[in-house]
Every structure is written in structure tokens, then in C-alpha cells.
Amino acid sequence: MASNMDREMILADFQACTGIENIDEAITLLEQNNWDLVAAINGVIPQENGILQSEYGGETLQGPAYGPTSHPTASSSTPSSSSAFRHVVPSRQIVERQPRMLDFRVEYRDRNVDVVLEDGCTVGEIKHILENELQIPVSKMLLKGWKTGDVDDSTVLKTLHLPKNNSLYVLTPDLPPPSSSNSGALQESLNQNFMLIITHREVQREYNLNFSGSSTIQEVKRNVYDLTSIPVRHQLWEGWPPSATDDSMTLAASGLTYPCHRLTVGRRSSPAQTREQPEEQCTDVHMVSDSDGDDFEDATEFGVDDGEMFGMASSALRKSPMMPENAENEGDALLQFTAEFSSRYGDCHPVYFIGSLEAAFQEAFYGKARDRKLLAIYLHHDESVLTNVFCSQMLCAESIVSYLSQNFITWAWDMTKEANRARFLTMCTRHFGSVVAQTIRTQKTDQFPLFLIIMGKRSSNEVLNVIQGNTTVDELMMRLMAAMEIFSAQQQEDIKDEDEREARENVKREQDEAYRISLEADRAKREAQEREQAEQFRLEQIRKEQEEEREAIRLSLEQSLPPEPKKESTESVSKLRIRTPSGEFFERRFLASSKLQVVFDFVASKGYPWEEFKLLGTFPRRDVTQLDPNKSLLEVKLYPQETLFLEAKE
């Protein structure tokens, strides 16, 4: 799948060759052909009408041909002609008659090959294309994955009724598997980073660019275009190894010197001058870029300037900006920024804080001293030539991403739109002062992107560093580390102050807690005393009530006793002598016919209720209170006299 930059180049080339000025129509035709430039041109200008002759040393581009408006004398055009190709204005009828194109993705071991063919081609033609790509003889190749089962090489694709997109795979049972040692060495090279020291010949400027081994030569050339403004098709290279024969080749497989390799790039002269140069001078395999756009002439020969053409293509393909204009909610704007950044530069990028700038301040500066971080503000600008290289090669480098995630809160803003730019400058003035805002306001577009390093202080926020986009990974890392050293020193002071403050607060809290516990103890003691006094008062009241009740019962019993018989009474009288637990005695006479209950009532009237005391006889020893109280004294043998004593019940 072509990248955004590839698509911009393809769109511009397609419009220049076909004369289709409507961008939406051109994009639609390219998407129908999976952004295959040759297939799209063939679709607009059918192949059977002829071939398009290129002015580059007799090279031909199969597909684009003379349309109905072409002139027969165009084939005799001279090198000074205003166009290297015969200009064609396609008609709607031609587009409708275009053959049906089929896309095949063929998988073989760890490789994928994309093949685009007309449905009138045969299976054998696919195999011949794969033979060139995979270096596998057709006789050793089994092409599998057909929906209708196995087919032979002569089968016409149209008869299989295939969908537009198809997936196939190649089996080679007669070939040995690849050497594991070579595969391991290649995999190790893919994981290595190459430092390319690229010299811009015209301005004598040197660029140090880091690329992973999995990056392609084409990606290097695209990034160099961002730095030098030399389109890929016009780049003239020196220094590529002889084995680097294809722009789709990875740096690991190209034979570059590890870890550093020197290259030189310049702008290629006009096509006429190129043809006049002796062929022997082109000793470097990649002296002239072999990208998709190399088959076409300079866009200026179509009357379109490079910058205008690519600017138009870029604005047409970049359907969604990094950030919406006049976004009401900063969090929503940052969500779109993060999603668009990921779609352009991949998922390996700094974790952008989602929220307002004030919320980012709170997160970075206003926690505990040990948890505070620096705030990094990334200011993006789509119109800067440095943006693509800065984002892809520096901001998305694993070392930078890791260091930022550990030590920084990263917040981002897009300065491309004027409204968003003005909004950020207002925020900048409010939080950092007019000096910093003026510094950012005076930055030119080509000096973006910017990276602001902010450190929070007690009274204000200090801008430690403003890093411009024309830097390297090493320089960016060094400046981030330098900012961290300043921040770490300040953080240690803040931690010390915070620890001392917490120690003082802990002492105060302990004192307050001890005072509170003392108050609680005093209150508990006082409440316990009050409860004890209340309980004593209650028990005293109960005791008094019980005594009053006993006294009332005693008086009632005393009043209910029959009168004591006189000594000279003619009736039988029993004389009882009763000893109390305290050793006192009291005596009384009772009629022998009186019931035993009368004796019990008499004892109770003296303060010894029979429910609490038992009345014991001496000879024989017995518990009188266990006898029937309704029997007479005579019957219970308490006649004529008896000595009893009281004993409290257990």
C-alpha cells in the first residue's frame, strides 16, 4: 500500500499525464487501480491504442496512448518540446471501455508480492511475473489459493469470475528451505539503526539521519525531499552500493556500511542535458532515482511548478487536518491530533496528554514533588518542510518516545491553521508571558515544528528550552537530558522542602492527636464517674424502696399477729425462744392451737422473712420452714416450749 507521500507523487504524475484536472475524479480512478500508476493510465487510455513514448533515453511506458485528440505528428517532437509525453484528454467513453483490472496479493514465505493484471490475462502470466520477483522458476512453482480449485497455466482469469482483490500463495516443494543462519543475520540487520550522512551537493550542507534497517531506499529519498525540496524524480545520488538496485529494497538488504554510510545528493539537470551526458559517467547504480515518478518528465514542462503541484496533491490527499479549526474542546482536538498522527507516522510515538493545557499543568506540576515531571509541548505545522522528517525520524524514534514517556508529560498543538495558532499564542501569553509568546510568534514556518520544554516553579512556569525542527535525534536527546538535569536539581530541592514540611506537619499532627486523646481520656473518665454516681444513686433508691417495702410488710405482719397469750391463760400455751444470726434472742408465747404460719409471720415482723431465712430446730435438728405452715404448733411438736434459731438461706 502506497504511503501518503507516494500517493501525492502518484496523483500529481497521473494528472500531469492524463490531463484530468478534477482531483476527485483522478483519486477515484487511482483507487480503482489500487494506486498503481501504470494500471490507472492504462485504464484511462486503453493499451491497444498504442504506447506512450518517453523522452528519457528511449524508455517506454506501456499503457498511456494516443487519445482521440492526439496529433499524428506528435511522434516527431524534439527535445525542446514543452512536454515529454503526448498530451491526452480522456473522454468518458474511453473510461467506460477500460478493461477490468484484477489485484492479486501473492504470499511466499516471508514475502508478499502485489500483482495487477487485466482479466484477459492467463494464470501463466502471473507465474512469469512472480518468477522475476521471487527468482523461482515457473516449473518449480505451485500457485495455490484459487476459489475454484487448481487451475492450469493456460486458464484465462476472466473465466474464473474472480473478485477485484484476491489472495494467493506460492508453494515450492522441490526447493530447499532458506538457510536459517542467513535469515537470522537479515533479521538482525533489520533491527539495526543506520546513520546516513547525506551531503546536499548544491548548498554543501550535511544531514545526519537515522533509519532502521527495515526502512526502504524509497523512504530515505522521500525524507531527503522534505529536507532539500528536491523531488525524488529529480534526485541525483552518489554512494549507493551496487547491490542497491531497487528503491523498494530495505537498507538492511542494500549493502550499506554499518553503522554509518555516506551519500551525496543533488538536483538532476534537465532531460536534454541528461541525454547529452556520456553513459560511462553514471557509475553509481542509484545515480538517478528509480522511483515511480522517474518515468515522467519534470512537472515544470507541463506548466506546473514543483511546489504548486505537490502542494495541490498534498492538500487533496490530506483529507483530515491534524486538528480541527476553532475546536471548542481542547480534549477533542487532541484526540483527533493523536489519531491523525498515528495514521501518518505509526503507533510508535509519544503519548500525548488528552486535555486542556491547564489540565496538563496540573498533571505535570501540581502533584507530590517526587511525582512531578517536565511538560513538553510539541507544536506541529503541516506546511513546514521539516515536519515529516522530524516526526518520523526523531519524534517517533524509540529512544525519544521512551525518554519522553518516563520523564515528561507531552502535550501537542497544531499551528497550521491561523485560528489555532492565535488560540495557542493567547494561551502562551497567559501561562508563560508575552516574551515567550512573541518568540513563538516570530518563528517562521520552515523553523517548525517546535518543542517547548516547560518546568513548573512555585510562582511561575519557566520555559527551559525551545527546540526547532532542524535537529538530529542525538541533539534532541541531549537537549532533553540537559533539561532533565536542571529539573532534577530543582526537584531534589522541592523534595527536601516537601519532606521537611511533611515532617513539621507530622509533628503537629502527632501533638494534635495526643491532645485529642488526652481530651478523650478526660471526658471518658468524667463520664465514667458520672455513670458510677448515677448507678450508686439508682441502687440507693432501690435499696430504700426495698427497705420501705420490707418495713411496710413487717408492720403489716406485726399488726396482723394475734395477741400474745397471757401467762395465766387457761388454754395450752407454747413458749418459743428464737435466736437471730447476730446472737440476740427474742421470746413469745403462742397458743398451742395456733398455726405454724403465725410463727413465720412473727419472725418476719422482726425483720427476718421466711423467704430469706430458715428456722431450725435443735433436738432433733430440723428445718421448721419445710413443714406445713397450716399445721398447729402442737402438731409440729413445738409444744410446750422450744428453742429455735434463724439461719440465712444460701
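From the backbone N, Cα and C atoms, a Cβ is placed for every residue, glycine too.
All TrEMBL annotations are machine predictions without curation.
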>> Can you identify, from 57-89, 255-287, the stretch that TrEMBL calls region 'Disordered'?
In response: 57-89
>> For the feature region 'Disordered' as recorded in TrEMBL, pick the matching range from 175-194, 555-574.
In response: 555-574
> So, by DSSP, how many helix, strand and coil residues make up the domain 'UBX' (569-646)?
Replying inline: 13 helix, 29 strand, 36 coil
>> Are there residues at least six beyond either end of the region 'Disordered' (555-574) with Cβ under 8 Å to its Cβ atoms? List them, or say none.
In response: 588-594, 598, 601-602, 604-605, 633-634, 638-642
> What is the pLDDT of the domain 'UBX' (569-646) when averaged and given as a whole number?
Replying inline: 90
